[in-house]
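Database features (TrEMBL):
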ACT_SITE  187  active site, proton acceptor
BINDING   18, 19, 20, 21, 22, 23, 24, 44, 104, 127, 128, 129, 238  NAD(+) binding site
BINDING   91, 97, 129, 163  substrate binding site
DOMAIN    13-155  domain 'Lactate/malate dehydrogenase N-terminal'
DOMAIN    157-321  domain 'Lactate/malate dehydrogenase C-terminal'
């Protein structure tokens, strides 16, 4: 008798917290478009019923519900398998990701608290900046409830990988869809470390070009903030990257083999408590941390330079939760 493995359960319930925002709307659109999503739960402090009504007219099977305001947050999260959090304020020209700290730290802590109470087993994908601090914040809030699982809390750094792939493809005349550049470290400035030496297909650049390419990947967010001249930060590319990461998590949860994405997570790979590296994803989140791999001397130097800033950002996040009323 031939035993046929049952088809994957493409029926996940996914929540987007911050669904009405610049990232939230296009992200929700991409999720609505996916056969992996059975139910889409949209939450924000304003405009969610309209966004939900609009998306609900799309001829795909995801059932969309909109929730608005703090009193509906718990309902939005009940029974969710994956929670994506793009909520928070965007960067304006002249701002660093860290300038968003107080506002976004409070928002993320509030949302993490609700996740801990309503769907503690869910995969949590944090987009809200500064990611280097909002992941420690989320983890500490989950710990307060005794439901912290380090294999299920992800800082979404996928946009750094997407940008690295696009920029390398552009410079080398390659198809961007076939380029894969791992990016490790964190998700701000010099903590963003593209591993060009590990790119597939293999590419090489002279030292000055490599240095310029690395700087462009590290500062790409600011490139968009400047180009938008006060009208926001990276929203469309971030929505694409957030959706790509969410689909990878869902594929892995459905039993697909060999799903690898970089993300900023609890880590033993360096002396930082949190660090982004390539991760093998599985049914229960992180199956295996694939580590830093073999670094070039240039890349080793970038890692060494990033550690201090990363440690500071992590401590800042942990202290925020420790001092919360």
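From the backbone N, Cα and C atoms, a Cβ is placed for every residue, glycine too.
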C-alpha spacing of residue 163 (substrate binding site) relative to residue 238 (NAD(+) binding site), in angstrom: 10
The one of 91, 97, 163, 187 whose CB sees the fewest other CB atoms within 10 Å, among these recorded positions: 91
Residue among binding-site residues 128, 238 with least C-beta crowding, 10 angstrom cut-off: 238
Distance in Å spanning the most remote Cα pair of 18, 19, 20, 21, 22, 23, 24, 44, 104, 127, 128, 129, 238, given for NAD(+): 18
Integer Cα-Cα distance in angstrom, residue 18 (NAD(+) binding site) to residue 129 (substrate binding site): 13
Distant-in-sequence Cβ neighbours of residue 20 (NAD(+) binding site), under 8 Å, six or more positions away: 42, 44, 45, 46, 47, 48, 50, 51
Remaining residues near the recorded substrate site, that is with C-beta within 8 Å of the centroid of the site residues 91, 97, 129, 163: 130, 187, 188, 221, 222, 225, 233, 234
Sparsest Cβ surroundings (other CB atoms within 10 Å) among the binding-site residues 18, 22, 24: 22
Residue among the binding-site residues 104, 129 whose Cβ has the most other Cβ atoms within 10 Å: 129
Maximal Cα-Cα distance (Å) across residues annotated as binding substrate, namely 91, 97, 129, 163: 18
Per-state residue totals over the domain 'Lactate/malate dehydrogenase N-terminal' (13-155) - DSSP helix, strand, coil: 65 helix, 30 strand, 48 coil
For the residue listed as 'active site, proton acceptor', the one of 22, 24, 104, 128, 129 that lies nearest, given that the binding-site residues are compared by Cα: 129
